[in-house]
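A quick write-up on the structure given underneath.
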Amino acid sequence: MADDRIITALDVHSVEEMKTLVEILGDSISFYKVGMELFYSAGPEAVQYLKYEGKKVFLDLKLHDIPNTVDQSIRALTRLGADLMTLHGTGGRTMMETAAAAVRDEAARLSIPRPRLLAVTILTSMDDAGWQEIGGKYAVAETVAHLAKLAKEAGIDGTVSSPYEAGEIRRLNGEEFLIVTPGIRPVFAAANDQKRFTTPAQALQDGASYLVIGRPITQAAKPREAAEKILKEIQGGY
Ligand SMILES: O=c1ccn([C@@H]2O[C@H](COP(=O)(O)O)[C@@H](O)[C@H]2O)c(=O)[nH]1
């Protein structure tokens, strides 16, 4: 029933709201994202609950700091046992290399499966105009490809990018590299604040490994029906 390639973003601010959604979605969703909103409100309990329920967890806290701070923070987060975690690729090569080594070291020390690390490239809420406004010298697509190459060289397992860049990242970094794409909008959903987005089927066709989908499911009048509609779409049932 569930498809591991769909990660539902639990952007709510209490454990109670999270549990209600997870119960409603039942076996239609097996992979959840805990982001800043939920983690800053509920803390590690959110991750622990999902793991206890047998779900996979993407802990999306987008670390962005000097290498030493990221090293210590990523070690603490590794102990929570998430499957995927994020840091910002714009933190640079040394920061990414330090984080990649810290996750491997901490997971080995605890004899737990190693969480996969993803570098956030350029947020999907940003278009070329917004990127240039903050001083971006090259086009978004070019910068994302550059950051993806750098992330791979630094020992990072994958990227978070928009689906628009997925094909090029796949070409550059190969089949094993994880490409996680938020900015997913089924035809029935509003764009909200997303600027670089496409449909679930198109994103997979373009090379995404995982799709992050929040509001089109969690804010639908009937979340389970919305999730099932998306599953049907990606499994070719339209
Ligand atoms: O570039 C990025 C990085 C992360 N996100 C996160 O994904 C979800 C998307 O939610 P929707 O409701 O489907 O828009 C959200 O948790 C973001 O923090 C992103 O959108 N873009």
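One-based numbering along the chain as shown.
Any Cβ shown, glycine's included, is placed from N, Cα and C.
The feature domain 'Orotidine 5'-phosphate decarboxylase' is assigned by TrEMBL to 5-230.
Under 8 Å, Cβ to Cβ, and six or more positions away along its own chain, THR124 (substrate binding site) finds SER161, SER162, THR181, PRO182, GLY183, GLN194, LYS195, ARG196, PHE197. The substrate binding site annotation in TrEMBL covers ASP11, LYS33, 60-69, THR124, ARG185, GLN194, 214-215.
The annotation active site, for OMPdecase activity is assigned in TrEMBL to ASP60 (among others). Its Cβ taken as reference, ASP60 (active site, for OMPdecase activity) is surrounded by 24 other Cβ atoms within 10 Å in the chains shown.
Residues within less than 8 Å, Cβ to Cβ, of LYS62 (active site, proton donor) and separated from it by at least 6 positions along the same chain comprise MET36, THR86, LEU87, HIS88, VAL120. Under the heading active site, proton donor, TrEMBL lists LYS62.
According to TrEMBL, the active site, for OMPdecase activity annotation covers LYS62 (among others).
What TrEMBL lists as active site, for OMPdecase activity is ASP65 (among others). In the structure as shown, the Cβ atom of ASP65 (active site, for OMPdecase activity) sits within 10 Å of 14 other Cβ atoms.
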Within 10 Å, the Cβ with the most other Cβ atoms among the binding-site residues PRO67, GLY214 is that of GLY214
CB < 6 Å to ligand 1, subset of recorded positions ASP11, LYS62, HIS64, THR124, GLY214, seq order -> ASP11, THR124, GLY214
Under a three-state DSSP reduction, the secondary structure at LYS62 (active site, proton donor) is strand
